[in-house]
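> Below is a structure I'd like to ask you about.
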Amino acid sequence: MELWPCLAAALLLLLLLVQLSRAAEFYAKVALYCALCFTVSAVASLVCLLRHGGRTVENMSIISWFVRSFKYFYGLRFEVRDPRRLQEARPCVIVSNHQSILDMMGLMEVLPERCVQIAKRELLFLGPVGLIMYLGGVFFINRQRSSTAMTVMADLGERMVRENVPIVPVVYSSFSSFYNTKKKFFTSGTVTVQVLEAIPTSGLTVADVPALVDTCHRAMRTTFLHISKTPQENGATAGSGVQPAQ
């Protein structure tokens, strides 16, 4: 049997399953998202190498452009509120809430120029995805080696306090009205991205960090519940979706 008829039959069967099963449609869209990540990463890596020749944070603007195009494949819309709070010419620490694999798209909607990101070291070995993150200047930490991770975070914390760098929380509204891994549905929808006012760190010491984290979390949780739909509409519960970004 020839290859093309087999592929055509397999594709038709897949399309039929997608039409008949919500779970099949969900997994198909997630698979497409993963395929987009790998394919776009490979293409973007080539563009970054041709444009800048290697690893530099300047590549992040190229990466951001590619990732922002993902939303058109899924009919997603991002409504960014108060983006000027991230456009001021000053160093800051951006903290965002974590919900799902779609977080990356929301972050790229507001990511400032020359923004250095931190990610777990395991992502470095994901083929073209790891390569494009490396070329974008992402700083990798080994979470399994707590001494290394703690050293990195301690250095960042000390620098934040020493230089009085403010924290700018960014909150994405709940995805659960259009993306739900338990109920297996993935449809089009709108995500509100709220940039909060900067939380100053001037005059603080390392001893003030726990209180600072609590203040940040409370502000993000309140905002998350405010900009998301009601629990009856999208299944969001108090505190859901407000976890530190990985």
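Placed from the backbone N, Cα and C atoms, the Cβ positions cover glycine too.
All TrEMBL annotations are machine predictions without curation.
This is the feature table in TrEMBL:
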- 92-175: domain 'Phospholipid/glycerol acyltransferase' (DOMAIN)
- 1-23: signal peptide (SIGNAL)
- 33-50: transmembrane segment (TRANSMEM)
- 123-141: transmembrane segment (TRANSMEM)
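Describe the structural context of each listed feature in the structure shown, including burial, neighbouring residues and relevant distances.
Taking Cβ pairs closer than 8 Å, the transmembrane segment (33-50) reaches residues 59, 62-63, 66-67, 69-70, 73-74, 101-102, 127-129, 131-132, 135-136 in its own chain, all 6 or more past its ends.
Residues 37-39, 41-42, 44-45, 48-49, 54-57, 59-60, 63, 116-117, 148-149, 152-153 of the same chain lie 6 or more positions beyond the ends of the transmembrane segment (123-141) yet place their CB under 8 Å from a CB of it.
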